Amino acid sequence: MSLSRSEEMHRLTENVYKTIMEQFNPSLRNFIAMGKNYEKALAGVTFAAKGYFDALVKMGELASESQGSKELGDVLFQMAEVHRQIQNQLEEMLKSFHNELLTQLEQKVELDSRYLSAALKKYQAEQRSKGDALDKCQAELKKLRKKSQGSKNPQKYSDKELQYIDAISNKQGELENYVSDGYKTALTEERRRFCFLVEKQCAVAKNSAAYHSKGKELLAQKLPVWQQACADPNKIPDRAVQLMQQIASSNGSILPSTLSASKSNLVISDPIPGAKPLPVPPELAPFVGRMSAQENVPVMNGVAGPDSEDYNPWADRKAAQPKSLSPPQSQSKLSDSYSNTLPVRKSVTPKNSYATTENKTLPRSSSMAAGLERNGRMRVKAIFSHAAGDNSTLLSFKEGDLITLLVPEARDGWHYGESEKTKMRGWFPFSYTRVLDSDGSDRLHMSLQQGKSSSTGNLLDKDDLAVPPPDYGTSSRAFPTQTAGTFKQRPYSVAVPAFSQGLDDYGARSVSSADVEVARF
């Protein structure tokens, strides 16, 4: 390698170092800044998405209150839950983007500036030292040749001249090798930086692929069920038809004005275990009064008529149905796919004897103003201890702990609530607790599951049974109403992660007061 080639390679080496320091690092800083803007924008999208699907949950609550659209309410709940899981995957991708890319690049670029500056100075100093040694040998050889030309005996300088030539050749070889190695080192440093960037970007891409794959998997699984649920908008569920027939059999005819009022103001919902009956609008009070006067129609917690089992959410259909009704639409698919963390819903046929017994035990009341949860959510007191174990969706508590119920009704004997002591949320067996009255005293809770057992039926026959106030017997089951701003507490809130179900890493946790306020709206 000639000296000119060595100098050219030296300039290339310096250019590589300067390119890294003057172009790569500033560009990397700009990339990090743009990445932070991107992260901030995605965080804003995530927050907006939570609000959007929170509103979707609210629409699902509204639909689930209706006898005609209850299945669609379950579908809306499933949609919100699926998209909540997708949003959780997006948040995981954002965490990876922040921790594995932006943070590490930001640390590297600060350390890299000082490291490259020191590496370039070291290379330049070593190259200059070797170049100076070569120049010195060449200068000595030049002087020696001048002496040899002016000497009468030039042969005596020949041996020394050969020594200088060998020294120059060795030093020039060392310089060329050093410059070559320096150029290789500079290219390696440049490549390492680009490889680091690509490696971190691949980690982000991997999480992005998992995010999209999770979304595709969930949506592909649920979408056909959702589409089937809304395939026939004109089909009225059997329970709504039976309700109309019950009204007709109780009064001789179906009142158009009553049905019209129920469409706009009246919401027909499933019974809430242990809760007071909902208030009835003034325009329906005379109508309900006439129904109360009929002694031949048994009442069970506000459900009038012989077909009261048809409105029980734990029973699919009564064995003897009018033949004119269309075949009952199975709801087991929607119930089973509602959440993979809920206990499996079973179909149990209630006994009419219990309904009659409870009707006799709990007399009706003329007061229709005893609304559900007038002073807030229902509270229960633990009468037994319960351990969740490894299941993060269950709630642990000890005897005597107070629990605030966060959903309106129990599902197969399981309720969802928040421990006032530990501030943890989760599902728990409702039979382990007693419902607290508004004054804070506890009373015996009688769930639908207990109402179906013979042991509880025998308990009702005892004289020393504490009977609730007369308002509990109000026959408002067929005519409950709620204002437009009143909804059931959502079982799957997108805005409150403590309600989440289905992700292993999203279990019960301590909830801040701000989360509680959001959940309460």
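Each position is counted from 1, following the chain as shown.
Every residue, even glycine, has its Cβ placed from backbone N, Cα and C.
Summarising the annotation, Swiss-Prot assigns coiled coil to 132-153 and lists sequence analysis as the type of evidence. The annotation compositional bias 'Low complexity' is assigned in Swiss-Prot to 321-335. Sequence annotations record features per position, and here Swiss-Prot assigns compositional bias 'Polar residues' to 349-368, 447-458. Here Swiss-Prot flags 1-250 as domain 'IMD', drawing on sequence analysis. Residues annotated as phosphoserine in Swiss-Prot, with similarity to another entry given as evidence: Ser262, Ser324, Ser326, Ser337, Ser347, Ser367, Ser385, Ser396, Ser455. Residues or ranges marked as phosphothreonine in Swiss-Prot (evidence: similarity to another entry): Thr341, Thr361.
Counting every protein chain shown, 17 other Cβ atoms lie within 10 Å of the Cβ of Ser396 (phosphoserine). Counting every protein chain shown, 12 other Cβ atoms lie within 10 Å of the Cβ of Ser385 (phosphoserine).
Note: the Cα of Ser396 (phosphoserine) and the Cα of Ser385 (phosphoserine) are spaced 8 Å from each other.
DSSP assigns Ser385 (phosphoserine) to coil in the three-state reduction, placing it in neither a helix nor a strand.
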